[in-house]
Every structure is written in structure tokens, then in C-alpha cells.
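Engineer: Below is the structure I would like to discuss, written out as C-alpha cells.
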Amino acid sequence: MPASLADLGRGPQRLMRAGITLIVLGHVNFILGAIVHGTVLRHVANPERTVTSEYTAANVISVGSGLLSITAGIVAILVSRNLLKAALHWALLCVSLLNCLLSAACSLGLALAISLTIASKGHRLIVGCNSSALPADARTAIPTNDCPFDTTRIYDTALALWFPSMVMAVVEAVLSGRCCMVSLILRGVGPCADTYIRQQLEQERATKEVASEDRHKQELCQLLAVEYGART
């Protein structure tokens, strides 16, 4: 990461790619959270029976993390196009830091939900059923099934949606942490800030030298043209 930040030529491009990745992951994570709510939580999180608070909390955090990742990605793209605007630096710092913490909490919450589900073999997903003969394994069919959903599929469905959501939450946390480091370096804070500022000054000095040489060559060409015209 420090090497990429110190590289002024590729730094903005990498920041833009990180922003685009955050936007894509945020949308996918938000969609997965909505699918989990529609296919799993609306059945198991029933206030009249057993409220699975750990599942609901993990899903709410996942949806919130997706929305905040989209915001962080947009701000990162804006910063990559406007590196000298201090207001955008502070906005990126605040949004990326908050999203890093929220995404980390989301990944931990989903890991907890997955662990509880696997440990109980999905039994926690079907405790709200009306049947008095609940199987130990959620994938086992219930003889007198009074559940409003298919108990043999809810276990696999929940895990199939939670695993990719957890992985994407980890990636969102990492990218948000990198964006947070970028914002600190742009504000002159951190071990790489001096290197960044020094290279920025060197690049500005080199640009001025090139412009001065071009101007000198242009003036020399004009003088030669005038002298040649006077001789002819």
C-alpha cells in the first residue's frame, strides 16, 4: 500500500479502482442482504415466536455496510479526480473509517451467524415452526410440517448467501482501510506523507523545468527565424 500511495502516477488510478470496487461490492452486498431478509429472516425472525436477534442484527449491519460502501466508493472516486480539495480528504477519511469499522463488524456478525447455524445444524432457523417434532438437522423433512417455508432448503440457502456476503464484507473493510490511509497521507499525516509531499514537489518542479525548457526552445526558434528573415 505505501508503495502505491507514493507512486503519484498510479496512485489516483488505484484509488479510483478501489472506489469502483467498493461501489460494486456495496451493491452486491445490499442485494444479498435483501435476499436473505426475504428468503430466511422473514420466516425465522417472527416476534410472535422466537426472535433470532443475532441473525437480524447481522443482516441489518450487512445492508448498512453495503450502503456505506457505495458512499465510500463514490467519495473515493471524487478524491481521485480532485486530489487538492481538503474537504474531500476529510470526507473520505470519515466515510472510509466508518465503513471499515462497520464492514468489520458485519463480517464478524456473519461469521457468528454462520457458526451458530452450522453448530446447531440449522435447528435455530426452524425453531419458529408450529410443528412439535422438530428434527435436529434442518435439512431433514418434518412429517407434520406446519412451517410457512420449506425447512429442507432454508439451511443451504442461508449459508449460500451468508458466505459470499461475509467475504465481501472483509474485502470492503480492507479497501476502506486503504482509502482511510490515502486520506491521511493526502492530509500530510502518517509515515508515507513526507514521501508523498516530496514526490509531489519534485513532480511540480520537473513540470516547471520542462515548461521552461519548452519556452526557451520556442524563443530560440523565434530568434533564429527572425535572424534568418533579416538575412534574406
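Every residue gets a Cβ built from N, Cα and C, even glycine.
The transmembrane segment feature in TrEMBL is assigned to 20-40, 60-79, 91-118, 159-177.
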Engineer: Which of 20-40, 91-118, 159-177 has the most Cβ pairs closer than 8 Å to the transmembrane segment (60-79)?
Structural biologist: 20-40
Engineer: Sort out the residues at least 6 away from either end of the transmembrane segment (159-177), same chain, that have Cβ-Cβ distances under 8 Å to it, and list them.
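Structural biologist: Distal contacts: 18, 21-22, 25-26, 28-29, 32-33, 35-36, 39-40, 62, 65, 69, 72, 96-97, 99-100, 103-104, 106-107, 110-111, 113-114, 117-118.
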